[in-house]
Structures are given as C-alpha cells and as structure tokens.
C-alpha cells in the first residue's frame, strides 16, 4: 500500500461506490445552506488580517488549510502526522485528498457546534466559511467544488512582489519564521504564480473572482472587501452582524 493511500485510510477518505458506479457524485454540503469563499493572494498580501475582519463583522468561520495540516501532524495519535510533516518541511504540497478531507471535517465540526454569537447565518444547518490559502492547485479546486461544496467565489488580493517582499522581510524581523528570508520568499512567489494563479484565472472565467488592490492601507482594503461582499450577497441573507459590530 502506497503512502498516499495510507494517509487516505488514516483520515477515512473513501470513495462512494454508488457515486462511482453512477458517474455522479453529490457534494457533502448544500451550497444553498453553506457558503464557502476561497481567499487567495501571494505571500504577505494580508489575507489573514482581512479574514479576521470578516469573521468579526459577518460571522464567518476562518479556516486555514495550512493550520489544519499543522494541527493534524501534531495531533496526538495521528499515525501519519510525520508524513504530513515531511511534505511541509520539503516544501511539497500535501496530497490533495488529505487537505480536502481535513477541510470537510472542519466545516462539519463548525456546523455541528456553532458559536453562541455566530448570528442568524448559522441557523437551520446554515454556515459561512472563509478558506484561506486554498485551493493552491487546480486539482484541489476541482475536488473541493465537486465533492465537498461548490464555492461561492474567490476573494483575490493582488499586490506587487516588491511590496509583498518588503512586508515579509519586515515581518521576518520578529516572526521567527525560517521562510521569511529573500531566497525562500522568492521561491514562494514562483510557486504561487505557477500553481495558484491558474486557479484564480479559472474562477475569473466563470465570473467568480473578486479582485482587490491589496497595496492600499488595511482599512482601505477592508472598505473594498465590504463593498464586494455586500454586492455579491445582496438579498441572500449574508449580511454584516450589525447587532454585534462596534460602530
């Protein structure tokens, strides 16, 4: 048995025989109830900061594929944590099935245990999710949309490499992250351009990419984010949590 299959078995990743024989496969979650937004942009573009604002104001749950993988590799009793750790250390993308399954599990957990202050967007099996830094490759995008839940759209934060480089080098002075150095940062830029930009372009062709200028100040970017959110979800019930958001 190959290592990827072992990881799939450890995380209970199995195909539905009935779906395979019929040629059709239903998604795990209903897009009419579960809203999923992919958040993409190069390293240092500020995705995490803007996601935190949306969590606060719109009641989203923020999921980071990288955080979920790191948690799984450190989870007590995870038989294949070391394998995931090896992929991350070598700068390789963890097998698609693993990342998608971890996201599916995290969505299910949040739907089953909504926060008390989550707001009306979490009633009757509804939920709203920001998935940060995912999909990193085309196969991840297709797999998630076809098997877990069709995404609503992509928030794409665009920024020049020069600006992102300066931000990351400044962060590196205090972050302690080994990859916040010029050589590693430029490798990450190339990886994003080669593997993630085709994903952005695919969704753009479908009319599902919202592009935002991330070179503006953080407050200015968030003004644009809110405008985009309100325009996309007009009349759908996805609205700011005005009752819990400070003026």
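Backbone N, Cα and C define each Cβ position, glycine as well.
TrEMBL annotations:
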type: BINDING; residues: 44, 45, 46, 47, 48, 49, 171, 216; note: ATP binding site
type: REGION; residues: 64-94; note: region 'NMPbind'
type: BINDING; residues: 70, 92, 93, 94, 133, 134, 135, 136, 140, 177, 188; note: ribonucleoside 5'-phosphate binding site
type: REGION; residues: 170-180; note: region 'LID'
Out of the binding-site residues 93, 133, 140, 188, give me the one sitting nearest to residue 48 (ATP binding site) by CA distance.
133
These are the binding-site residues: 70, 171, 188. Which one scores highest on other Cβ atoms within 10 Å?
188
Fewest other C-beta atoms within 10 angstroms of its own C-beta: which of the binding-site residues 44, 46, 48, 133, 135 fits that?
48
These are the binding-site residues: 45, 93. Which one scores highest on other Cβ atoms within 10 Å?
45
From the binding-site residues 47, 49, 171, 216, pick the residue whose C-alpha lies nearest to the C-alpha of residue 135 (ribonucleoside 5'-phosphate binding site).
47
Spatial neighbours of residue 133 (ribonucleoside 5'-phosphate binding site), counting only the binding-site residues 44, 46, 47, 49, 171, 216 and Cα distances within 10 Å:
47
Going by C-alpha distance, which of the binding-site residues 70, 93, 140, 188 is nearest to residue 46 (ATP binding site)?
188
Candidate binding-site residues 93, 140, 188, pick with smallest Cα gap to residue 45 (ATP binding site):
188
Candidate binding-site residues 70, 93, 140, 188, pick with smallest Cα gap to residue 216 (ATP binding site):
188
Just jot down the residues in the same chain as residue 140 (ribonucleoside 5'-phosphate binding site), at least 6 apart in sequence, with C-beta under 8 A of its C-beta; none if empty.
96, 99, 100, 134, 199
Of the binding-site residues 70, 93, 188, which one sits closest to residue 47 (ATP binding site) when you measure Cα to Cα?
188
